[in-house]
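Per TrEMBL, the features are:
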{"type": "COMPBIAS", "residues": "1-12", "note": "compositional bias 'Low complexity'"}
{"type": "REGION", "residues": "1-38", "note": "region 'Disordered'"}
{"type": "COMPBIAS", "residues": "21-30", "note": "compositional bias 'Polar residues'"}
{"type": "REPEAT", "residues": "151-193", "note": "repeat 'WD'"}
{"type": "REPEAT", "residues": "194-225", "note": "repeat 'WD'"}
{"type": "REPEAT", "residues": "276-317", "note": "repeat 'WD'"}
{"type": "REPEAT", "residues": "318-359", "note": "repeat 'WD'"}
{"type": "REPEAT", "residues": "362-402", "note": "repeat 'WD'"}
Amino acid sequence: MPESGSSAAARQAKQKRKSHSLSIRRTNSTEQDRSGLQRDMLEGQDSKLPLALRSNLLDLFGQIEREFENLYLENLELRREIDTLNDRLAAEGQTFEGADLAKGALKTKASHSTSQLSQKLKTTYKASTSKIVSSFKATTTRAVCQLVKEYAGHRDGIWDLGVTRTQPVVLGTASADHTAMLWSIETGKCLLKYLGHQGSVNSIKFHPTEQMALTASGDQTAHIWRYMVQLPTPQPVADISTPCEDDVDFSDKDDADGEVEGPIDCPSIRVATTTLRSHQGVVIAADWLVGGKQAVTASWDRAANLYDVETSELVHSLTGHDQELTHCCTHPNQRLVVTSSRDTTFRLWDFRDPSIHSVNVFQGHTDTVTSAVFTVGDNVVSGSDDRTVKVWDLKNMRSPIATIRTDSAVNRISVSVNQKIIALPHDNRQVRLFDMSGVRLARLPRSNRQGHRRMVCCSAWCEDNTTCNLFTCGFDRQAIGWNINIPALLQEK
């Protein structure tokens, strides 16, 4: 028997009210009802996400909804209290109208009540919205730290990168694909490819005054090679920033070698000017000493070697580490070398006095020291797989002057020259910025559409460059150029 029009309308209104009540007052339902609703929603949607991931996302969104619902209900309750208070004050005002003493008492009472209410409002909203405020702060960070350019073309992960110290200013990258590449910072175009190594290229450093590069490799050698590049015509400013919406996510594509757009017609160099030999293991890093007449290498054979660049002869072999070396770095204007190792220590080698070569051992980490770098002053900053970064004073090496604790292993760090901002590349794909006292300044934006999609291996500052002043690279086979608004970053601190 068909229903009458009024009966059908009543039932439809009842169902609508029931549905509305279910969506708004979900916190009143049982956990069984909630999980059943989640299953229904999951089964009813056409999505390529795994069921477990979708269920987890739905649960998180449910928690967010419940937080906002609690906040909404508290807001309603506070509004009712305000209305009640106003009604009571209005009634008391009418009762004592015309009496000066009563007006004073009323004013005092109202002021006290309002103060209590104001404090309650502040406490309630501060407790309820702390997580929401964090998301707003992240939005501000994105405005201060912007992704400008991506440098794609390597066929394997990028271990290291650096910027030339002479004109023309270009970016250099060292990759596990056995090559090193030089890039135009402004256009992202590959200018030159070095093909001289027979193994993974683990580091790249540029000569302080000449157009020469120093690369360390898994083939147990370090190469010095000269380069000449011509910068392409800069693109219009509007084309410098790659739209994030067009980025391709290779996070789950291990076999994407053929899909990465590579610089096919890039000029190449196949022969080194000088080859530095004598290591019995992988050469993991190399750097120029001040002046550029000597170079130091660090190897998995537990030794660091000091070479004369002109003759390629071994000058000193620096031994003492108990396990493989992971990094080496030289002081920008003094004959000092710091080496890092898997033995949880880093060592400071002093060559300032030709007759005495002293060494100091820094023991402050509990896992592999992945890098230790000098600042322009008298500090060393060390990063480790123990998820900490420590700042040391060269005049007092007993204990660090600052410790930064993070949630992921730290790789090859970099410290800006002028403001001494530490850039931390992490295993968990994040890049964070800290000051020398250990205060966190920012986290570089990262999502499925921008930022690194694999482990971030290295960071390098270039503060004088107007296009990009920070570079990072990782095992997603790309380097990224960032523009960090340093004055705004420090102002937010």
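The first residue you see is number 1, and the count goes up from there.
From the backbone N, Cα and C atoms, a Cβ is placed for every residue, glycine too.
Model, not experiment: these values are computed from the prediction.
Tertiary proximity for the repeat 'WD' (318-359) is limited to same-chain residues at least six positions away from its ends with a CB under 8 Å from its CB atoms, namely 281, 284-290, 296-306, 365-374, 376, 380, 382, 384, 386, 394, 397, 412, 417. Beyond the repeat 'WD' (362-402), the same-chain residues lying 6 or more positions past its ends with a Cβ under 8 Å from any Cβ of the stretch are 326-327, 329-333, 336, 338-342, 344-348, 408-415, 417, 420, 422, 424, 434, 436-438. In the predicted model, the repeat 'WD' (276-317) shows an average pLDDT of 97.
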